[in-house]
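Everything below concerns the one structure shown next.
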Amino acid sequence: MSAEAVKKLSFEIAPSEEESEATIEQQDVACGLENLPVSLWPLGAGPRPKPFQYTPDHVAGPGVDMDPTQITFPGCACIKTPCVPGTCSCLRHESNYNDNLCLRDVGSEAKYAKPVFECNVLCQCGEHCRNRVVQSGLQFLLQVFQTEKKGWGLRTLEYIPKGRFVCEYAGEVLGFSEVQRRIHLQTAHDPNYIIALREHTYNGQVMETFVDPTYIGNIGRFLNHSCEPNLLMIPVRIDSMVPKLALFAAKDILPGEELSYDYSGRFLNQISSKDKERIDCGQPRKPCYCGAQSCATFLPYDSSLYGPLENPGTS
């Protein structure tokens with residue numbers, strides 16, 4: 001589809017004259033909790049997403065050791081000078097964003113391993129600091145819409161430049177035992193919203209964060225998987241070590257394009273020998289309908305979440 005055709009689409013899905021302002025307000029999927037409304041398509045009577053409690057930020061769920069709403073990081077003392085590497089305590093390595101608020105070095109996979117820390121509420125720099133991107137919330141008009149095969153999806157109504165922040169993947173932060181419990185309760189027809197983030201530190205340790213927006217979450221829960229995604233998930237820390245799962249544009253995105261990311265956290269949907277053994281033993285894979293040329297034909301699979309249930313006291 002050409003750029004002109006996509007832009008035309010973005011105008012065609014605007015509300016009709018018959019739609020009242022009250023009706024349009026009711027269609028805000030974000031319930032007024034984001035700084036921009038998130039529309040729903042189609043308007044009027046018809047299918048609607050399954051109800052859930054909206055939250056723009058993480059909330060503490062069962063079994064989690066650290067409350068994601070607590071502020072544990074100290075703030076910087078940049079009052080008279082801008083936050084720059086070398087003087088700002090929040091920027092120990094290099095600047096996270098350029099002058100256009102784009103994530104630096106998108107497209108260089110080696111850069112993804114570097115931690116991203118933003119300034120927080122205790123910092124002296126103020127709300128206009130360039131190191132406050134993810135915490136500023138939505139910057140582009142987005143829309144939840146019904147796809148042909150993938151259920152509900154999320155698309156942009158505006159042009160999004162490569163490197164810009166798009167949205168978070170927010171929900172309940174869970175302990176591992178609770179994650180396993182919820183996974184084991186799922187049927188083959190239930191969608192799985194739980195994401196497992198694993199960060200490997202320099203000393204060989206692995207930091208795990210489990211987020212589930214099934215019951216409490218934000219618009220990130222509507223993002224579908226793609227084997228050739230246009231979004232990249234980056235852990236961004238602001239107030240504490242509990243990371244925000246921030247999604248940035250991996251390339252320029254045109255109006256009307258569906259937003260997607262790789263559920264495996266990579267750009268290649270590969271399967272390990274351990275996962276293959278478990279699948280061969282009867283654990284089914286869900287088909288992938290992304291339509292990409294490199295489509296792996298199935299959704300990513302994390303075998304560690306399907307093991308024997310742990311004792312709740314060990315989470």
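Yeah, the Cβs are placed from backbone N, Cα and C, and that goes for glycine too.
Taken from Swiss-Prot as is:
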BINDING   Cys76, Cys78, Cys83, Cys88  Zn(2+) 1 binding site
BINDING   Cys76, Cys90, Cys119, Cys123  Zn(2+) 2 binding site
BINDING   Cys83, Cys119, Cys125, Cys129  Zn(2+) 3 binding site
BINDING   Lys150, Gly151, Trp152, Tyr193, Arg221, Asn224, His225  S-adenosyl-L-methionine binding site
BINDING   Cys227, Cys288, Cys290, Cys295  Zn(2+) 4 binding site
DOMAIN    74-137  domain 'Pre-SET'
DOMAIN    140-264  domain 'SET'
DOMAIN    284-300  domain 'Post-SET'
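Locations of recorded Swiss-Prot features on the structure.
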residue: Cys78; record: Zn(2+) 1 binding site; contacts (Cβ under 8 Å, 6+ apart): Thr87, Cys88, Cys119, Cys123, Gln124, Cys125, Cys129
residue: Cys83; record: Zn(2+) 1 binding site; contacts (Cβ under 8 Å, 6+ apart): Cys76, Cys90, Leu91, Cys119, Cys123, Cys125, Cys129, Arg130, Asn131
residue: Tyr193; record: S-adenosyl-L-methionine binding site; contacts (Cβ under 8 Å, 6+ apart): Gly171, Asp212, Pro213, Thr214, Gly217, Arg221
residue: Asn224; record: S-adenosyl-L-methionine binding site; contacts (Cβ under 8 Å, 6+ apart): Thr147, Lys150, Gly151, Gly153, Leu154, Glu258, Ser260, Cys290
residue: Cys295; record: Zn(2+) 4 binding site; contacts (Cβ under 8 Å, 6+ apart): Cys227, Glu228, Cys288
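For the domain 'Post-SET' (284-300), the residues of the chain that approach it from at least six positions outside its boundaries are 149-150, 188, 224-228, 260, 262-264, 269-271, judged by C-beta separation under 8 angstroms. Within the set of binding-site residues (Cys119, Cys125, Cys129, Cys288), the lowest number of other Cβ atoms found within 10 Å of a Cβ is recorded at Cys129. Counting only residues at least six positions away in the same chain, the Cβ atoms of Ser260, Tyr261, Asp262, Tyr263, Cys288, Cys290, Leu299, Pro300 sit under 8 Å from the Cβ of His225 (S-adenosyl-L-methionine binding site). Mapped onto three states, the DSSP output places Cys88 (Zn(2+) 1 binding site) in coil.
If you average pLDDT over the domain 'Pre-SET' (74-137) in this model, you get 89.
Counting only same-chain residues at least 6 apart in sequence, those with a Cβ under 8 Å from the Cβ of Trp152 (S-adenosyl-L-methionine binding site) are Pro49, Val144, Phe145, Gln146, Phe222. Those same-chain residues not listed among Lys150, Gly151, Trp152, Tyr193, Arg221, Asn224, His225 yet with C-beta within 8 angstroms of the centroid of the S-adenosyl-L-methionine site C-beta atoms are Gly153, Pro191, Phe222, Leu223. Under the three-state DSSP scheme, Asn224 (S-adenosyl-L-methionine binding site) falls in the strand class.
Under the three-state DSSP scheme, Cys78 (Zn(2+) 1 binding site) falls in the coil class. Cβ contacts within 10 Å of Cys123 (Zn(2+) 2 binding site), excluding its own Cβ and spanning all protein chains shown: 24. Annotated Zn(2+) 1 site Cys76, Cys78, Cys83, Cys88; additional same-chain residues within 8 Å of its Cβ mean position, judged by their own Cβ, are Ala77, Thr81, Pro82, Val84, Thr87, Ser89, Cys90, Leu91, Cys119, Cys123, Gln124, Cys125, Cys129, Asn131.
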